[in-house]
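Below is one structure; the comments refer to it alone.
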Amino acid sequence: MLDSHPITSGNPKDQTNTPLKFVYDFSEGNKDLKDLLGGKGANLAEMTNLGLPVPPGFTITTEACRAYLADGAEPPSLRDEVSAHLATLEATMGRRLGQEDDPLLVSVRSGAKFSMPGMMDTVLNIGLGDRSVRGLARRAAAGQPAGGEAAAERFAWDSYRRLIQMFGRTVLGVDGELFEDAIDDAKLAKGAADDLDLDAEDLRALVEVFKEIVRREAGREFPQDPREQMDLAIRAVFDSWNGDRARLYRRQERIPGDLGTAVNVCSMVFGNLGPDSGTGVAFTRDPASGHQGVYGDYLANAQGEDVVAGIRNTVPLAELEHIDPASYDQLLSIMETLENHYRDLCDIEFTIERGKLWMLQTRVGKRTAGAAFRIATQLVDQGLIDMDEALTRVNGAQLAQLMFPRFDLAALAEHGGEAKHPRIAWGIAASPGAAVGKAVFDSYTAVKWSRSGEKVILIRRETNPDDLDGMIAAEGILTSRGGKTSHAAVVARGMGKTCVCGAEELEVDTKRRRFTAPGGIVVEEGDLVSIDGSTGKVYLGRVPVVASPVVEYFEGRIRLPEQTPVAGPEAGPATAGVTGPTTGSAVDPGADQPVADELVTAVHRIMNHADAVRRLAVRANADTAEDAARARRFGAQGIGLCRTEHMFLGERRELVEQLILADGDEERAAALEALRPLQREDFRGLFRAMDGLPVTIRLLDPPLHEFLPDITDLSVRVALAEARREPQENDLRLLQAVHRLHEQNPMLGLRGVRLGLVVPGLFAMQVRAVAEAAAEHVREGGRPRAEVMIPLVGTVQELEIVREEAEAVLAEVRAATGEELEVALGTMIELPRAALTAGQIAEAADFFSFGTNDLTQTVWGFSRDDVEASFFTAYLEKGIFGVSPFETIDRDGVGALVRRAARDGRATRPDLKLGVCGEHGGDPDSVHFFHEAGLDYVSCSPFRVPVARLEAGRAALAERRAAAAVGLAAERVTTA
Ligand code: PEP
Ligand code: MG
């Protein structure tokens, strides 16, 4: 791991062959050196250079940490460098570290490039010892009114016991509980309720107890040498990079494990020197709403940890105006300076030591998703950033978060919280949102009840394609098995439908139409349940839900101050009465609709900008006219994937059964003829909803047996009928067909293009239905842009055969209808062989659409239906990958094939259109990859369309900025 971060990275001294510089004074760094100085160090340096009151200090680089972790020892030159910087610090402060009569004390704090709150170590008050503690007390008392000595004594001994406690725990590895227990014992002995009730004498006694704990537990004396304290603390911070907490946090937050941490050595200032001292945190604007104002907390006579630990109640920052008006005014002015300088919301930690304000930390602050959008546009309006910058300040994950309906937790609390609505399970948060409905245990009931206006939650052990009708009808889906890429999860995400899967504590009994939850809670069909797809929690009863105003906006149910549709990439000219792909919402809401609030307006403005800068077009995966219309409202510029198998469910299943059971050409032709008009109507609906925009229709893909009854159910039915001596001819034929079509590995079996090659007339029927629907749409005055797509092609010969047949059908329909129909014929690239021979395949394809679901499955050899539930958790825990390759494209493997196929395909046919229609098309990281790979469009579920639009805009900007940086570097080289 360490190899990927050579010890020379990022250090300005590298270029000059001089020895590496491991230590930077705060005055030597700046905010752009986060790789080297960590976030905290870089920002302390920046504030120092801005002339803000930062206690002097220095930063030891992440390179020093990486060298230490690689070699198990500090780099040889580090000690001397630290000595030199310490000497400068001592000279600046006018006292030496640990000086007996007036000790300089320092804090030693971790500070990685990315904030890892509380994950690594910090030691305060370094430099104190048995002698200097008395010097500190004397200095603290100096100049104080009479009677101040007792408080100063207390302060000094309290500082000392804090040092031993922190040092003992973090540096010497002593169990922290032992110190806490000793404090409790001291309070008990004194009958004191609060730490503050312990006086100097008590604390002096406690110091002795603490030293004894160290002696006993660590097998050594607490070091009295201040420099030894400092060196050991620095080493402990380096070591804490690889502590369990830090590693776990990094895995969760996807922070690389080989960055290392910087260490900040900073002269101590004290907020616990009396009522004219204190400590606090502040935000330059509200991290929840984004509004400017005075936000933060202050705690008088306290040190930083007291605020974080919540030992005493803080007061709102605004009260500082009355407590210490001069410091308050200075703080507000610094906050303004920082916000103007960083051009963003900053959060700040400060301390007031006897009326003097000190800045201890600042950084660009974390914020909620809504605040991110608001703040970005507020800063544009203040003239601090431009719209390009605003777009980089938000992301697709935040937008997605803003789009989900959610449980109203405030209302939940009002209604008695989880006591009123017991949480009965905690499964995998598979598809976000909040759904409430009556429990149903089969698709049939889900459809029936929803038709009569009931909201239902479909509950299954796991789902399969048979459940699709029920899933469409349900508000949400709950399963007791399967992970994030189980059928339920993938399909639900595709539909933008809430799903909790793998809720293993539930015993689902579909036969008896009920499930049992821990504690013997039984939920019967018709009982209300609430599922939270953002947390995986399942509740009994109805938890109140609030709709997302952002979705209302995309749906066109919110009026904007101004609505100006702008065409994005791939936009065809709009036909009469239908807007083309637009930015923001494609719908013009009526005058009686609610007006956009600040959040919706911010989303609208940023989406407009993303659309203006992006190069990638965004289409939707949609199988129904309704989905297509919604996708268009959400800004989709066409359909990238219509899975026609979804049109063969419900009542049409029987027709497919007839096709499968057909005995001879005549019966087969009759079955196909029965399906054709139904398909034609389906396609007309899509062409109408997407008038003027491309509609990619994929020919039938899944193994045929998916349309037949379950082998076990059918065998039982046949056996029972035989036992009754009432054999059913149809069932017997069905059972034979099920046996005939049964496959050990159906995903690698008779599916995709293979079906078209062995079931005569099937693909021809579908192509004819497409062409006829297009012709009818033309006659209606519409502009159909049909694209027919062949799935699971592995070699150009397969495609050539299907293409020849399709072209013949198209010619026939053209002749019969007299319409000049333009229908593109292309293929999916979803097998490694297809990707490797893309140059040949392109000879028979007008377009490629990468099916990255199957491509991931076949490249890795992972069954997409099984792996998440079986071993992915172990893989994620072992760090084999940080995120499932079914969620985010595996750039090195699957991605490499995509790049190669795109390159080879375009070499054969430069105008080859390239898109992607796997789940990855709506994943933010993957969208960036597809942009970089030069694809023309991504296609994703309607609900992800706005996310993909936003990320496509961000990807275009990132590319532009990278190119500008390269240009700048080249210019520098030329001028040098
Ligand atoms: C794919 O494989 O990526 C794809 C879109 O097809 P499906 O998920 O229907 O197999
Ligand atoms: Mg596929």
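Any Cβ shown, glycine's included, is placed from N, Cα and C.
Quick look at what TrEMBL lists:
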{"type": "ACT_SITE", "residues": "His487", "note": "active site, tele-phosphohistidine intermediate"}
{"type": "BINDING", "residues": "Arg643, Arg698, Glu830, Gly851, Thr852, Asn853, Asp854", "note": "substrate binding site"}
{"type": "BINDING", "residues": "Glu830, Asp854", "note": "Mg(2+) binding site"}
{"type": "COMPBIAS", "residues": "564-587", "note": "compositional bias 'Low complexity'"}
{"type": "DOMAIN", "residues": "78-313", "note": "domain 'Pyruvate phosphate dikinase AMP/ATP-binding'"}
{"type": "DOMAIN", "residues": "322-370", "note": "domain 'Pyruvate phosphate dikinase AMP/ATP-binding'"}
{"type": "DOMAIN", "residues": "454-536", "note": "domain 'PEP-utilising enzyme mobile'"}
{"type": "DOMAIN", "residues": "603-953", "note": "domain 'PEP-utilising enzyme C-terminal'"}
{"type": "REGION", "residues": "564-591", "note": "region 'Disordered'"}
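Residues from the recorded positions list (His487, Arg643, Gly851) with a C-beta closer than 6 Å to any atom of ligand 2: Gly851. Only Glu830, Gly851, Thr852, Asp854, in sequence order, out of the recorded positions His487, Arg698, Glu830, Gly851, Thr852, Asp854 have a CB under 6 Å from ligand 1.
Counting only same-chain residues six or more apart in sequence, the Cβ atoms lying under 8 angstroms from the Cβ of Gly851 (substrate binding site) belong to Pro791, Leu792, Met828, Ile829, Glu830, Cys917, Gly918. In this structure the C-alpha atoms belonging to Asp854 (substrate binding site) and the residue listed as 'active site, tele-phosphohistidine intermediate' are separated by 13 Å.
Comparing Arg643 (substrate binding site) with His487 (active site, tele-phosphohistidine intermediate), their Cα atoms are 15 Å apart once rounded. In sequence order, Glu830, Ile889, Val894, Val898, Val916, Gly918, Glu919, His920, Gly921, Ser926 make up the list of same-chain residues 6 or more apart from Thr852 (substrate binding site) whose Cβ falls under 8 Å from its Cβ. Confidence for the domain 'PEP-utilising enzyme mobile' (454-536), expressed as mean pLDDT, is 87. Contact between the domain 'Pyruvate phosphate dikinase AMP/ATP-binding' (322-370) and the domain 'PEP-utilising enzyme C-terminal' (603-953) is absent: fewer than three CB pairs lie under 8 Å, with pairs separated by 6 or more positions in sequence. For the domain 'PEP-utilising enzyme mobile' (454-536), the DSSP counts in helix, strand and coil order read 21 helix, 29 strand, 33 coil.
When the Cα positions of Arg643, Arg698, Glu830, Gly851, Thr852, Asn853, Asp854 are compared pair by pair, the longest gap among these substrate-binding residues is 15 Å. Separation of the C-alpha atoms of His487 (active site, tele-phosphohistidine intermediate) and Asn853 (substrate binding site): 12 Å, rounded to the nearest whole number. Each residue in Leu641, Asp701, Pro791, Met828, Ser849, Phe850, Leu855, Cys917, Gly918 lies on the same chain as Arg643, Arg698, Glu830, Gly851, Thr852, Asn853, Asp854 and has a C-beta within 8 Å of the C-beta centroid of that substrate site, without being one of the site residues. According to DSSP, Asn853 (substrate binding site) sits within a helical segment.
Just so you know, the Cβ of His487 (active site, tele-phosphohistidine intermediate) picks up 21 other Cβ atoms within 10 Å once every protein chain is counted.
Taking all protein chains in view, 17 other C-beta atoms sit within 10 angstroms of the C-beta of Arg643 (substrate binding site).
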